[in-house]
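Chemist: Input: one structure, supplied below.
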């Protein structure tokens, strides 16, 4: 122990130079030296920090913190970095022009904004044409009403005294000097006013004379200039002008500038009318036209209810009339008797009056064809109240009245009707043949059928359109419910047209447009009506399946309903209250309805077309569609022995209808021409000859191949495309090998197979993963390296490195926490010293103030005592 102490003292005393080198440090205080003793001495282990100097280390740490941490603390609120705070200076996405414009706008805004929000007197300076409104309101430049006065805005003293002097005495003025040196007597007020008026007139005449002289001189100068202008103007000959520089052609920019200069400027337009206003105007127009049609049908006078007298003012002289015709008659004599010529029109008869003649002329000019145009009767005004009072049945009653009037006015006794009567009869017949312009909403489907049956397609569309316009929901409260019922009636009427023989498909095609408009107006009621129709069809099919075990394809009306549902509602939605049940209905038709005739084939192909229309946007896979097309191709294939596919219900591999579409007659194949299948065959297929039946089979097969091509295009991107189309590929290959179809169908089949093969394969078949063979077990002794005894026994080199890093991290973390704690303590001491310095300074200043106040108080009391002594 003694040797260890002496060695430690020797090492402590031998501490030479400081950290910066140079001269040696004085010997440290032995009480500041700390010796770290070891319990055991290990041979070969280097010892560090066996002797420490805590005081020196503490002083060195304090000095370092004073030079670094204290300096940062004192300069925490100071900044020696210049930061450019201009707008967008550090934003590279803004162009320099935009930065300049924004900076200029901010500068202008900063100049114009108020300095204080509470200073109400600080207002902005408003200008008008560059002049301040405050200067304009001062009226510094007063414009005199008399444009002839040269000194504008200046009133003479005499005029001021005359108008604003007041009193009745003589006007103040300069005394007139007499020639002899004496003063004139003062003039009276009347004389002064007359003298003032004479003087003003004289000045006005002089100014007028000066203006006329200046005008004459100007005209003379203009005339002289015109005479010599011809001599001064010299036109350059074309030969000379051609030698000079040619006029440069305008570039694209100049042409664009000129075009923009001549471009029409935007003109203000009237506001767009709302839907309610448009519906109200359309209803008023139709009512006016209906009133005009009824008037023409009854033969009433136009002036009786449409033309009203114009308003005449009290000072109207009524001299604006024009004599259109000369009503005078020529007087002549024939055979000694007076003869008066009749009117050349020849329309008037002996018992007709002038009013009837005017009425006949009006009908001949108007004509029945003018009633259809919306502007033909724009000057007529119908009484809406009287029309509403007549009710919906009024047109029929009026027509019956018109017929009774026509029959009562027919000439009796074989008399020939006059031209005017024939014209009136033709006008009435034309008005009776016209469609009414106003209709009430039918209360049942039978009423709608009575309105539409027997009319052409255009007239039916016109009737439905007028029903919608006359009963718009914005015109009355109950119109919405009526039009909602109209949608169901139209749907039922379309079903009746489809079920008729033959089906009127053209009328159905045209009626889809008003059906779509009603669906857009009332989507909820429209969806309920379509769902009701589809539900009835499905219930009927399910009842047939439960009774007989199978169900036939529905009629053409149900197929039309399915087609219309896809046109009225969106088919690409993931779920839709109408389209989703329709898709289920289509899939049920393809899986539960067996194909027993050519008519069933046509219906099934139509259902496939509707299916593809439904999924054209969503690209949804329909397995029932692929199975049905495979079954149709199976019916047209002769050899059914080597099958590489499996048929699904309702098709059978062998049976009565397994060769329904097979054609073996080569002559029929040679005479067949490709054409589309008429939809009327789905309703009723008439009896056909053998050749016509074979042509129908080939047409069905062509439609089936076209649908297969559409499926290939739609499902080509699916990962399982080749697995899905494998049955179709096998059928097409077998069909081509049989060579029992026309060349056009063979070419179509080859193109479909080529498209199938050209589609990329997105997935590979699953195979077992290849693994290395497991080697045989070998009896080799296991060698375990003993690295170190103790608690680290059995650890590997990586584990030792990991433990070493963990230990080092722990040690560094503790040292960092210790340093941070010491830094906080140092800063706390600095803050405390600052607080104590401020408190001491404040205490010193307070003490100084108290001393000064005590001195003042003593002086004041001394002065007060002096006053009392006096």
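Every residue, even glycine, has its Cβ placed from backbone N, Cα and C.
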Chemist: Pick from 204-223, 264-283, 444-463: which range has region 'Disordered' per TrEMBL?
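Modeler: Going through 204-223, 264-283, 444-463 one by one, TrEMBL gives region 'Disordered' for 264-283.
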Chemist: Kindly point out the range from 112-131, 232-251, 472-491, 492-511 that TrEMBL annotates with region 'Disordered'.
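Modeler: Matching range for region 'Disordered': 232-251.
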Chemist: Could you check which of 139-189, 547-597 is flagged in TrEMBL as region 'Disordered'?
Modeler: 139-189
Chemist: For the feature coiled coil as recorded in TrEMBL, pick the matching range from 193-220, 613-640, 641-668.
Modeler: 193-220
Chemist: What residues elsewhere in the chain lie close to the region 'Disordered' (264-283), defined as a C-beta under 8 angstroms and at least 6 residues from its ends?
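Modeler: Residues 469-470, 472, 474-475.
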Chemist: For the coiled coil (193-220), what is the mean per-residue pLDDT, to the nearest integer?
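Modeler: Mean per-residue confidence for the coiled coil (193-220): 91 out of 100.
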